[in-house]
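Colleague: From Swiss-Prot, for reference:
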TRANSMEM  11-31  transmembrane segment
DOMAIN    18-142  domain 'EamA 1'
TRANSMEM  46-66  transmembrane segment
TRANSMEM  72-92  transmembrane segment
TRANSMEM  98-118  transmembrane segment
TRANSMEM  128-148  transmembrane segment
TRANSMEM  155-171  transmembrane segment
DOMAIN    164-297  domain 'EamA 2'
TRANSMEM  183-203  transmembrane segment
TRANSMEM  221-241  transmembrane segment
TRANSMEM  254-274  transmembrane segment
TRANSMEM  277-297  transmembrane segment
Amino acid sequence: MVKHQQTPAYIAAILYSFIIGLSFLFVKIALQTAEPFDILAHRFTIAFAAATVPILFGWVKLSIRVKDVIDILPLALLYPALFFSFQAFGLVYSSSSEAGIIQAAIPIFTMVFAAYVLKERPTWTQKGFTVLSVAGVMFIFVMKGVDVESASLKGSLLILLSALSSAMYNTAARKMTQRFKLTELTYIMSAIGFVVFNAIALVRHGAAGTVGTYFLPFREPGFVLAIVYLGVLSSLVTSFLSNYTLSRIEAFKMSAFNHVSTIVTMIAGFVILNESLAWYHLAGAVCIMIGVVGSNINLEKKTKRPGMPAKK
C-alpha cells in the first residue's frame, strides 16, 4: 500500500526535476533582457497571478487564517525568499561552477536536518548512494574548471546559506504538508516570493533612478515566453510538485532528485544550445542516477520507519 501511494510522488519528483532542469535555458533567455532580481520579481509576479486566477474563479477553495499565514511564513521565507536571494547575491561574487559544487551538498544537509527534526533514519547504503549522487555533481563542476584564485569567501558563504535554506525548507515542508493543504502552502509561498522580490527589485531601481525601466523587458517576446515558463512552471508548478512529493516520501529522498535536474540541463544544453558534452558529463550523470535510485531504495532487510508518516 505504501509503495503504491509513493508511485505518484516519484512521478511528481521526476517531473519536478525536468522542469527545473529546463528552467536554466529560459533563465539564459531572460538574462539577455533583464537583471537577475528583476527576473525573480517578474517570475513570482506571474506565479502569484497564475495561482490567484483559479481562486478568483472559484475553482480552488482556500481557507487560510491569519494564524495559518504566520505558521507558513517561515517556510515561505526559506524558499523561495532566502534561497533565491542568497543565490542571486552569491553569484555576484562566485562563479556558477563554485556555486554548483556547494549547492550539490543540499541532499547531505537535508539528510542531517531531517535526522534531527523529523527523525528520519536512512540506512547506511542510502547514505552512501546520496553521497555518490553529490559526488557526481561535484565531479562535473570540478572538471569544468573552478578558478580557486578568484573564489570569494563572501560569495561562498552566501551560496552556502542558499544551500542551507533549501535543506531547511525540505525538512520543514515535510512536516508542514501534514498540517496544511498543498494548495495553501503553494499559494502563500508564491505570495511571499511576489512581495519579497518585487520589493528588492523596486528598491534597487529606486536607488538607481530606473523605476521607469522596470517593465521594459516585457517588450521582448523571448523574455515574455521565458518569464511565463519560469513563473508558471518553474515556480508555481514546481512548488506544488515539491510539496506533494514531500507529503509522501522522506525529505532526504526528495532532495536527491534535485541532482536529476543537472542531467536534464546538460542534455537540454547539448540538444538545444549545441553545447559540448564531454566524458566527465556522462561519468557524473551515471553517478547521479545510481545515487538517486539507490538513495530511494532500501537494500537492507530491516527498514526503520521514517519519523514522518505519509499523508493519506
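Quick reminder: no glycine exception, Cβ is built from N, Cα and C everywhere.
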Colleague: Counting Cβ pairs under 8 Å that sit 6 or more residues apart, are there three or more between the transmembrane segment (128-148) and the transmembrane segment (11-31)?
Modeller: no
Colleague: Check for me, if you would, whether the transmembrane segment (183-203) reaches the transmembrane segment (11-31) - at least 3 Cβ pairs under 8 Å, residues 6 or more apart in sequence.
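Modeller: The answer is no, given that the two segments have fewer than 3 Cβ pairs within the 8 Å cut-off.
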Colleague: Under 8 Å, at least 3 Cβ pairs, sequence separation 6 or more: does that hold for the transmembrane segment (221-241) versus the transmembrane segment (46-66)?
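Modeller: Per Cβ check, the transmembrane segment (221-241) touches the transmembrane segment (46-66).
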Colleague: Taking residues 6+ outside the transmembrane segment (277-297), which of them lie with a CB under 8 Å of any CB in it?
Modeller: 10, 107, 122, 125-126, 128-137, 139-140, 143-144, 249, 252-253, 256-257, 259-260, 262-263, 266, 270
Colleague: So if I exclude everything within five residues of the ends of the transmembrane segment (98-118), which remaining residues of that chain have a CB under 8 angstroms from its CBs? That is, six or more out.
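Modeller: Non-local partners: 87, 90-91, 127, 130-131, 133-134, 137-138, 140-142, 146, 151, 155-156, 159-160, 162-164, 166-168, 170-172, 174-175, 250-252, 255-256, 258-259, 262, 295, 306-308.
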Colleague: Residue counts in helix (H, G, I), strand (E, B) and coil for the domain 'EamA 2' (164-297), per DSSP?
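Modeller: DSSP classes over the domain 'EamA 2' (164-297) add up to 112 helix, 0 strand, 22 coil.
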Colleague: Among 11-31, 72-92, 155-171, which stretch has the most Cβ pairs under 8 Å to the transmembrane segment (254-274)?
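Modeller: Comparing 11-31, 72-92, 155-171 against the transmembrane segment (254-274), the winner is 11-31.
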Colleague: Sort out the residues at least 6 away from either end of the transmembrane segment (11-31), same chain, that have Cβ-Cβ distances under 8 Å to it, and list them.
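Modeller: Distant Cβ neighbours of the transmembrane segment (11-31) are 39, 217, 222-223, 225-227, 229-230, 233-234, 237-238, 241-242, 244-245, 249, 254, 257-258, 260-265, 267-269, 272-273.
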